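Shown next, in structure tokens, is the structure this report addresses.
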Amino acid sequence: MTLFPVLLFLVAGLLPSFPANEDKDPAFTALLTTQTQVQREIVNKHNELRRAVSPPARNMLKMEWNKEAAANAQKWANQCNYRHSNPKDRMTSLKCGENLYMSSASSSWSQAIQSWFDEYNDFDFGVGPKTPNAVVGHYTQVVWYSSYLVGCGNAYCPNQKVLKYYYVCQYCPAGNWANRLYVPYEQGAPCASCPDNCDDGLCTNGCKYEDLYSNCKSLKLTLTCKHQLVRDSCKASCNCSNSIY
């Protein structure tokens, strides 16, 4: 079975867009993310892999299912458009990242997620790809420390010539920050950043807000959260002092 996990630049312009067909492949229908057991598989697989990172992470949040992210992911999967969605179309109350997976045969969600994670074989922590131009962005999003909400959707796209099986996961808040792209988490003993909020090596004190500026922590110190700019643009810094964000 040939599997093809790909990024936007690998497929844009090469594969046309066709809406998903209602005639579902029976095996693929069993993977629909409206089912509780499928949601559980997706969340558990992500958390299994997040616990397994090397070097270990001191601030890795435990993932949980998010219905709004799942609805956005399913809506995009239904388009059978093999490129990344517009960022505005994967907004919840947070900005969300996205991983895509296409396959020539029906794969389990665990296989799809594992394929993203396996990019770690070509990744040096804090440095980047070991091989020039190697794809590692799926891996870094899967293990991005602050991305603790996940929602996924899939579609059967029979009008595509080869890659008929389409999987989309969205992650909130989004990872892969440009200013620390190859440092997806802080190294250290598991849960060192959350000793009172730890579940088997993963932190459980995520923040439902996000900062819009990279210097929000310093803005909070100099202007305080009473300043409207800080209050409106640095919601994580102002509201999540005991959380990981």
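The backbone N, Cα and C atoms fix where each Cβ goes, and this holds for glycine too.
The disulfide bond recorded by Swiss-Prot for Cys216 joins it to Cys234 [selected from Cys198, Cys203, Cys234].
Checking the candidates Cys194, Cys225 against Swiss-Prot, the cysteine paired with Cys203 through a disulfide bond is Cys194. Asn239 (N-linked glycosylation site) carries a helical DSSP state (H, G or I). Within the same chain, the residues at least 6 positions away from Cys240 (disulfide bond) whose Cβ sits under 8 Å from its Cβ are Cys207, Lys208, Tyr209, listed in sequence order. Within 10 Å (C-alpha to C-alpha) of Cys216 (disulfide bond) lies none of the disulfide-bonded residues Cys191, Cys194, Cys198. Straight-line distance linking the Cα atoms of Asn239 (N-linked glycosylation site) and Cys191 (disulfide bond), rounded to a whole number, equals 21 Å.
The Cβ of Cys194 (disulfide bond) lies under 8 Å from the Cβ of Asn59, Cys203, Thr204, Asn205, Ile244, each on the same chain and at least six residues away in sequence.
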